[in-house]
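TrEMBL lists A:30-87 with the feature coiled coil. If you look up TrEMBL, you'll see A:173-406 marked as domain 'Aminoacyl-transfer RNA synthetases class-II family profile'. TrEMBL lists A:T222, A:R253, A:E276, A:N379 with the feature L-serine binding site. The ATP binding site annotation in TrEMBL covers A:R253, A:T254, A:E255, A:V269, A:H270, A:Q271, A:F272, A:E346, A:I347, A:T348, A:S349.
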Amino acid sequence: MLDIKYIRENKEVVKKNCKIRNVKIDIDVLLETDERRRELIKTIEDLRALRNQKSKGKPTTEEIEKMRAVGENIKKNEEVLSNVEEEFRALLMAVPNLTHPDSPVGGEDDFKVIYTNRKPTKFDFVPKNHEDLMLNNDLIDFERGTKVTGAKFYFSKNNLVRMNQALINYGIDIVTKHGYTLLETPDLAKDAILMGVGFNPRGSAETQIYSIQNSDLSLVGTAEITVGGFHADEILDLSVGAKKYVALSHCFRTEAGAYGRTSKGLYRVHQFAKLEMFVFCKPEDSEKYHEEILNIEKEIIDGLDFPYQIIDIASGDLGGPAYRKYDIEAWMTMKGEGDKQGGYGEITSCSNCLDYQARRLNIRYRKDDGSTDYAHTLNGSAIVLSRFPIAITENYQQTDGSIAVPKALKPYLNLEKL
RNA sequence: GGAGAGGUGGCCGAGCGGCUGAAGGCGCACGCUUGGAAAGCGUGUUUAGGGAAACCUAACGUGGGUUCAAAUCCCACCCUCUCCGCCA
C-alpha cells in the first residue's frame, strides 16, 4: 500500500503508474473518499473534545441532557465514517506499488533479457519433455494424484523424492552460507496476513488461494506470506543488519483462470514445496539486497548447471506489491515447438517491494535518531520443487532416456542416474 | 476436551465509573555529585493521527454493549499460564 499522503501530493504520478501497471482504479474517487473521511474524523473529534471537557467534572442535569445529544451525534457520524473508511481502505489497498524507473514498460511479453549464461542445450537426438522422462523412469504418478486429490496433483516417486530432498538441502546450504536464518513455516496463514503481503483470499473469482471454510485461514501460496507476517506489528532493530530468512514451506495455488496456459506435467500444479528467501531491511539498502538475492539465485542455478536467462519484468506484469522483479528462466524442452528443441520457462523470481508490504503489515524499524519508519521487504525463490526438477530432467536427459545427476547434487544425492 | 487464573507503558506492577495516558518500581537518557565509578539527588522517558503552534483526538488483548462519562460494569471472541484427561 502506498502512503495516502504521497498519493495526495503526487496524484498524476500515481495515475500514470496505475496505467503502466495495467491496474484500473480511479485515483480521483480514492482522493474524494479520503477527503470525506478526513472531514468526518474532524467532526467526530471536535464533538468528542466537547464531551470530554464536560466529563472532567460532575455535569449538571442540563449538561447531561446536552451531552446525550452530542453522544448520539457522535454515534451517527461514526457509523457513516466506518462505511467511508471501509470504502477508502479497499481503494487504497488496490493501488499498486510504484515502478522502478528502469523496469521496462509494457505487458507480460515486454520483459528485457539482462543476462544469459550460455547457449541452450543441444541434443543430437529428439529430446523428451520431463513428463515423459519422469513417467518412463517411474519417478512420478499423475493419474493416481488425480484419483486421490484431483487434477494437477501428483505423487513423486523413487529417486525424484530423493532428488527433491537433495535440492532442498543443497539450497539450504548455499543460502544459509550467506547469513540467512533457516525457517520452516506453517502452511496456513490468517487472511489478514495474506492481504498484508498482497494476496487476495476469498472474494475475487480469480483468487489463487485455497481458503479453509468456517475459519479465517488459507493455505499459503508461498512462504513469502508466512515470513512476511513473521515480523508483522513489530519495530525491528536493523542497526545490526538486515533480517534475512530462508524458509521452507509447501505452496498451494488454485491456478484459477490459468487454463490454456502451458500446463504440461509439473509446470503448473496445485501443490509443491519451495525454499524462499525473504529480507527485511532499511530503505536505503533494498536495491543492494535485491542484487544479493538475485546473485544467490544465480549461484544456486549455476551450480546445477543448465542454460538460463535473467529477465527484468515489465511494468504490467509486476503484480501489486513489487517495485521491480527479476525472473530466472531455465531452458526447458517442454517449451519447444515446431523445429525448436526448447524454450525458456520461469523457475525463480525475486522482487523488491519497498515499503508496500511493510506498510500493510505494520513492520517498522528504529532509526538512529530514535524515530521509526517502515522497513523494506524483498523476496526471492531459492529452490522450487516443481520447476527445478523440470529443468534438471529435461537438460540432463541422455540418449538412452535416462537422467544424469548434476555434479553439485552428488554430495546430497549419491547416484549416477535418477 | 474438563477445571481454574490472568491479559495495563521497554519490563514488573497499582488502578472507588468522572480531574488516570494511567500511581509506584525497574530499566534507559541527560544533569549534579566524584580523581573516576557505584551509591545518592534532580529532570526527562508510549505510540499514532490532525495542527504553523498552543493544543486536540485515539489506544489499558480484540470486537460489541450499558452510561452524559468506561482501564474500571456487561457480552462475545482471541491469547497466555496452572492442574486433570487424551495424544503424534
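From the backbone N, Cα and C atoms, a Cβ is placed for every residue, glycine too.
The two recorded residues, A:N379 (L-serine binding site) and A:H270 (ATP binding site), show a Cα separation of 21 Å.
It is A:S349, among the binding-site residues A:S349, A:N379, whose Cβ has the fewest other Cβ atoms within 10 Å in the structure shown. Reported as a whole number, the C-alpha separation between A:S349 (ATP binding site) and A:R253 (L-serine binding site) equals 16 Å. In sequence order, A:V220, A:G221, A:A223, A:E224, A:I225, A:S249, A:C251, A:K274, A:S381 are the residues of the same chain, not among A:T222, A:R253, A:E276, A:N379, whose CB sits within 8 A of the CB centroid for the L-serine site.
Across the fold, the C-alpha of A:H270 (ATP binding site) and the C-alpha of A:R253 (L-serine binding site) stand 5 Å from each other. Ranking the binding-site residues A:E255, A:E276 by how many Cβ atoms sit within 10 Å of each one's Cβ puts A:E276 at the top. Looking only at Cα atoms, A:T222 (L-serine binding site) sits nearest to A:F272 among the binding-site residues A:E255, A:F272, A:I347. The distance from the Cα of A:F272 (ATP binding site) to the Cα of A:R253 (L-serine binding site) comes to 9 Å.
Remark: A:I347 (ATP binding site) has A:I301, A:Y308, A:I328, A:E329, A:A330, A:S381, A:V384, A:R387, A:F388, A:I390, A:A391 as non-local neighbours, by Cβ distance under 8 Å and separation of at least 6 in sequence.
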